[in-house]
Amino acid sequence: MAPNSVVVTLEKPKDFSIVEINASDPSLFPEKQKAASPKQFTWVLLLKIYKALTCVSWFAMVFKSTFLSIKKRIAFSEMSEEEPRSRGRLYRFIKAFLAMSIVALVIEIVAHFKKWNLNLIHPWEIQGLVQWSYMAWFSFRVHYIAPLVIKLSQFCTVLFLIQSLDRLVLCLGCFWIKYKKLKPEINGEAYDIEDPSTFPMVLVQIPMCNEREVYAQSISAACQLDWPRDRLLIQVLDDSDDGNVQLLIKDEVSSWRQKGINIIYRHRLIRTGYKAGNLNSAMSCDYVQDYEFVAIFDADFQPNPDFLKQTVPHFKGNPELGLVQARWSFVNKDENLLTRLQNINLCFHFEVEQQVNGAFLNFFGFNGTAGVWRIKALEDSGGWLERTTVEDMDIAVRAHLNGWKFIFLNDVKVLCELPESYEAYKKQQHRWHSGPMQLFRLCLPAIITSKISKWKKANLIFLFFLLRKLILPFYSFTLFCIILPLTMFIPEAELPLWVICYIPIFMSFLNILPAPKSFPFLVPYLLFENTMSVTKFNAMVSGLFQLGSAYEWVVTKKTGRSSESDLLAFAERESKSSKEEKIHRRHSESGLELLSKLQEQEAPRVKKRNRIYRKELALAFLLLTAAARSLLSAHGVHFYYLLFQGLSFLVVGLDLIGEQIS
């Protein structure tokens, strides 16, 4: 027996038993713990309450400031110019869908808190109008709505998988090009530098319209192209209706002509057909027949001096080559979130889509600028036509049907600008997505009856037009902006996680590979692309059914952010190398004079404000309503996706992305 044990013996063992108590057992004699004093407990409690109040007050201040900002934006913002059209069928459909969703959400909330179990309720047990409405909605949903939504969601999912497979194949083709180091090669020997007569005659065209901010830098860059002067002609095709801008451009052209540059200023009296009409008018000049190639640059594009020496030699020894397209590079890609997201999209377009199609099919859509055409290819294909707002894609398709081949040079880059405001970007995207549908209607008979191979016909019809121009905006809007919120109120048709999460993230990851520095913007890119689907869908429908908005052409607004700095930089460089034969920009004194003239003659600008967009706002509230319904059902990923997608629509609808105008 242990020395610290105690034995107690009683005289009546029948009634009592012997109990041995061991003092070393901690369960019987727990050590006395040090109790917290009431004062310490009070301080800890007060500290936690203070933290909670601080957190609540912070959230309240954030909510209040956000609410005031939104209220101020709505009060001082202008309705977008598309406002009369936004009251069309699509906008009315979204509003009706939103109203029904709000009513359904109210009923679902009542059913959730009253814990109605429809499997246990008999008709005679229904109490009240709300419960009867819920029962009626449930029966109608199961028997009539759910089957239709399931079929539609399955159809859109199949389209989504087909388009994802196409994008995956393009990415594999790009990886193969990188792995094999495939690049277009120049056939034959280079041109003799000592004999300028060996260089072909090249025409450079700069179409512009009221380009006050960027006209000087584009003309200057074209005049600095490294090519024999007597083998080069620059046409400045000015469609401006502003007299001051016309005078400024004329003065710029005159200044370069005095320096020995072969440059011409052209202005049309009858400005029809937008850019296509402008280019067609320029090609009708008699002297154009003396030139073999034509290089086209929009007003904000600044080619490097060696651009022609990197592109034109590819035509040598390749008589079937009709177009050499260069890649775009952006001076303002890091300006704001909107330009960063645009950079992701366009990097994928050039490095993957254009490069793969050029390498394996010898065909892609001409980008309208930063390209060199063989003039004979333009003439054989019918020249520039004014029938659509995508004259560049139009001439490319017709040239392809006539057997001409295209080359894309991923290593040759031309500097340009991205739209910095959502308004400019939205109008640009509307034109880019309505025009292809116009063109598809017009070109389909010609594609079917053309003499190209069946494989090329199938590629044009099913891949180039239907899959990438029609199906993509259709399913992205229908599946993620209509069907997904609808399934929150129709659980029988709920979309699986791989449709709304895994595959979209994987495809966004592939899209962002050509711009690896943009990986932190993966999620914003995915949300923004879905947000833009309403604009692209509306544009696609307008072009397909020849609605009024399909014929609109709005010149994308440029800021000329690098114009002044480039002008002064080149002026300083010219002052240091005035004895060299190479032409630089105007000297420092004339550059400063030009800047002062720009400031003096600049027309008074109308004060502009940021706009609000009703379609995007209606979809924002629709998705947030669906997110609230998803929260009741504890859907998890569905809730977070709908919440953040709704917030992205709200940000875009209030024009809080891109350039902000105070």
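Positions of Cβ are set from backbone N, Cα and C atoms, glycine also.
Just so you know, TrEMBL annotations never went through curation; they're auto-generated.
Positions annotated as transmembrane segment by TrEMBL: 49-70 (among others).
What TrEMBL lists as transmembrane segment is 90-113 (among others).
Look at TrEMBL and you will find 142-162 (among others) tagged as transmembrane segment.
Residues or ranges marked as domain 'Glycosyltransferase 2-like' by TrEMBL: 294-488.
Among the features that TrEMBL reports, transmembrane segment is placed at 460-489 (among others). Within its own chain, the transmembrane segment (460-489) is flanked in space by residues 97, 101, 104-105, 108, 141, 149, 152-153, 156-157, 159-160, 162-163, 166, 365, 397, 400, 433, 436-437, 439-440, 444, 447, 495, 499-500, 529-530, 533-534, 536-537, 539-540, 544, 619, 622-623, 625-627, 629-630, 633, 635, 638, 641-642, 645, which lie at least six positions past its ends and keep a Cβ under 8 Å from the stretch.
According to TrEMBL, the transmembrane segment annotation covers 495-513 (among others).
Taken from TrEMBL, the feature transmembrane segment applies to 617-632 (among others).
Away from its own ends, the transmembrane segment (617-632) comes close to residues 91, 94-95, 97-98, 101-102, 104-105, 108-109, 112, 481, 484-486, 488-489, 534, 638-639, 642-643, 645-647, 649-650, 653-654 of its chain (Cβ-Cβ under 8 Å, at least six residues beyond either end). Packing against the transmembrane segment (90-113) from elsewhere in the chain are residues 130-131, 133-134, 137, 482, 485-486, 489, 534, 537-538, 541, 614-615, 618-619, 621-622, 625-626, 628-629, 632: each is 6 or more residues past its ends and has a CB under 8 Å from a CB in it.
Summarising model confidence by region, the domain 'Glycosyltransferase 2-like' (294-488) averages a pLDDT of 95.
Same-chain neighbours of the transmembrane segment (142-162): 467, 471, 474-475, 478-479, 483, 486-487, 490, 492-493, 495, 499, 503, counting only residues six or more beyond its ends whose CB sits under 8 Å from a CB of the stretch.
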